[in-house]
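J.: Below you will find the structure I want to go over with you.
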Amino acid sequence: MDGHTCDVFVGKLIHTPSLGELEITDATVGVYNGKIVFLEKSMTPKTLEEAKSHHLLKEATIHKLKPLQFMFPGLIDTHIHAPQYPNSGIGIDVPLLQWLEKYTFPLESSLADLEEARQVYKRVVERTLSNGTTFASYFSTLHTPTSALLAEICYSYGQRAYIGKCNMNNLSPDHYCEKSAESSLEATRQLISYMSILDPKREMVTPIITPRFAPSCTEDLLSGCGELAEKHNLPIQTHISENTSEIELVKELFPERKSYADVYDYYKLLTPQTILAHAIHLEDEEIELLTKRSSGISHCPTSNSILASGLANVRKLLDSGINVGLGTDVSGGYAPSILIALRHAAMTSRSLSYVLGDPKVMLDLSELLYLATQGGAEVVSRGDQVGSFAVGKYWDALIVDLSAETHSCVDIFERDTWPVMLSKWVFTSDDRNLAQVWVNGRLVSGFEMKANLKNSTPLTNGVTSSGHQVFKELTQAHLLPRTQCVDTPPSCCGGHCCKEESCRTENCKGAYPANATVTVEEDSGMS
């Protein structure tokens, strides 16, 4: 989607390519068409000339970083609820299950409306990008059209994302509950079909199978979700062991299963592409099972504390060989910033160290940075593509600026070394310190370029045309009052639904119910 762009970056580079390894070095990095094609740990004139002589970089734009700037991998949010963003900062008065009923379900159900959803999703994508999130694993609502809209917005803004339409047909309010397992699965199939047109290679946006959590799904829905993920080779995301009351509910609903994790395993929902949020109260047998299945965990320390759910022992998970990343868990977590989640992960590990009387439980700076980047990349099954810097990986990167001229809230002194300045950035900075945010070799945010739809790189005509048509079809099907549209677009419309009344009532007899009123937005916001 970028064309053949090429850039060379010269300056300080910081990353954590493996757990416990923090590398701070001078570097020259060459990027062609979104990927790193040249990386030397030097920024001498000779190295720059070598980069410029690379056959793919002969016409590269040179970016020389300032003395207090450095390159850092893009941050990865492994668990965030996009529709809950308007509730950020509220709802600390009740625990998890009551919180869902009082705050979350009413808000999410209101986002069946495309215009309301558009306003929310544009702002959450803008905000997360401005905070350095280059990859987000999003829960959407149970509505297919607005989930498709979220995918369009992420694609247009240039944020890598997993987009999950929630599957939930049990123990949910009447106004926010799917009628059956089959209707839930069919709606998910529609989203998969739409996103396969929007991004066939799944380079930027990918559908993710999203059973909300075990209690919200009947057994046939859980089984169907597992089958869909297997059939389409898709990632899976859900919640596990966030709250002790939730765990007791799972035991009541699935008495034949050994544990919460065993419920997911039985329905083929524990795979190397599975992201399990929270995992605070796992039993040892469950940890062994997750290790065996190579499933990943999203550590969400902010919401774990705000909702009084508990303290997750990340050290124990890491020592067991489980991949762990960080999640903001908006809006259980109040901030759409992975750096804030990182800070809370640090505090959680220190609090738990005191409670357990074990200093080894504490996470150090390099480990925390790993969770926010390469660890998160492993959790979303993209560890070979993003999360650190290496030839062949995508250029998903931040240019961090610690200079006072950026209105920085980080105070730097002459005696500060790079490890000191890095720690200050982690614990005292905000979005004012992000000069540039790059995804796939494309500048998408940062104070030097605020992301918006008008200046984003246009989609190719083929994707825009086809994707927009299918988006209309989803909109039509789901705006029919209590009526289901045809499973596939009528062939007389060239494979797509259209808005011409004559087509629907004459050529497509039987495709739509005779008494149906089909609504099509004239301007869906897609470009």
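From the backbone N, Cα and C atoms, a Cβ is placed for every residue, glycine too.
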J.: In Swiss-Prot, the residues His81, Ala82, Pro83, Gln84, Arg212, Phe213, His239, Ile240, Ser241, Glu242 are said to bind substrate. Which of Asp7, Asp319, Asp329 is said to bind at that same site?
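T.: So, going by the record in Swiss-Prot, that would be Asp329.
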J.: Cα within 10 Å of Arg212 (substrate binding site) is the criterion; apply it to the binding-site residues His79, His81, His239, Asp329 and give the hits in sequence order.
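T.: So the list reads His239.
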J.: Validating a neighbour-count step here. Other CB atoms within 10 A of the CB of His81 (Zn(2+) binding site): how many?
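T.: I count 27 other Cβ atoms within 10 Å of it.
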J.: Give the distance between the Cα atoms of His81 (Zn(2+) binding site) and Ser241 (substrate binding site), rounded to the nearest whole Å.
T.: 18
J.: For Pro83 (substrate binding site), name the DSSP secondary structure in the helix/strand/coil scheme.
T.: helix
J.: Around the Cβ of His239 (Zn(2+) binding site), how many other Cβ atoms lie within 10 Å? Please give the count over every shown protein chain.
T.: 25
